[in-house]
Amino acid sequence: MYKDIATPGRTKEILERYGFSFKKSLGQNFLIDANILRKIVDVADISPDTGAIEIGPGIGALTEQLARRAKKVVAFEIDGRLLPILADTLSPYDNVRIFHQDVLKADLHAVIAEELADVSDRMVVANLPYYVTTPIIMKLLTERLPIRGMVVMLQKEVADRLAAKPGTKDYGSLTIAVQYYTEAEVIMTVPRTVFMPQPNVDSAVIRLVKRQHPPVVVDDEGVFFQVVRASFAQRRKTLFNNLTNNLPGGKENKEQIERVLVALGIDPRRRGETLDIAEFASLSNALAPLFGK
């Protein structure tokens, strides 16, 4: 059995050997506790039938744990300085393919079709860079990829937002999007002390299992997400003010918006953060004739 990468000593030795310096702009924080990585792989239920998709492999600490259990691992790394390190640390494994690419610009459907066509199970497993967590999550959710779901480590405050309940400070448009596409569960908190370099905040591992069907019936998804985003645009404002000020054409349709809210039994003075996903669905369906294409 090969020695784990995710120990303080081995990580330091690898970084010193290659003269690697962390780039703050890329949100590079490498995990140095292999037990946490094994737990992540367990939670993701990685098996010999799984094709794992990783984002930001760093020096390969999570990648090697995935490679030991999965049929194949496909990883996206934006920092070219890490490619020779990954070629070295992952040399014992012949089931890993590294793409030197920004995952936000990648055609994931094409990569999956080319690299993971022969696996029956696909899962995203990643320690996401803090600076692009939300765009990556939104891309993975909205592109309707042929995956079972994702297990990701991210900033604890973002994890709290993903799994928040209505009426709480963490509840927002990201929560609704996650709820619409997946079932979310925060698995564990990961202290900042198990990273190199140590970040200023704690992390959390969250599991998102893709839903076969959304939990609500939505007539026009474009309008649904438009209404959700508008409702949270200015958290201190009322739902009515947010909709009229932030929906395109909202001011011109002010009276109709108020009529719709009253007809649905939604007090126009409520704030967006108090509505649950079912209320947002009803509201967007009623507004779709006004704001749909």
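Along the chain as shown, residues are numbered 1 onward.
Using N, Cα and C of the backbone, Cβ positions are placed for all residues, glycine too.
Around the Cβ of Asn127 (S-adenosyl-L-methionine binding site), the same chain contributes Leu31, Gly56, Gly58, Leu62, Val152, Met153, Ser203, each under 8 angstroms and 6 or more positions distant in sequence. If you look up Swiss-Prot, you'll see Asn29, Leu31, Gly56, Glu77, Asp102, Asn127 marked as S-adenosyl-L-methionine binding site, on the strength of sequence analysis.
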Which chain-mates of Glu77 (S-adenosyl-L-methionine binding site) that are at least 6 residues away have a CB under 8 A from its CB, listed by sequence?
Gly56, Pro57, Gly58, Leu83, Leu86, Ile98, Phe99, His100, Gln101
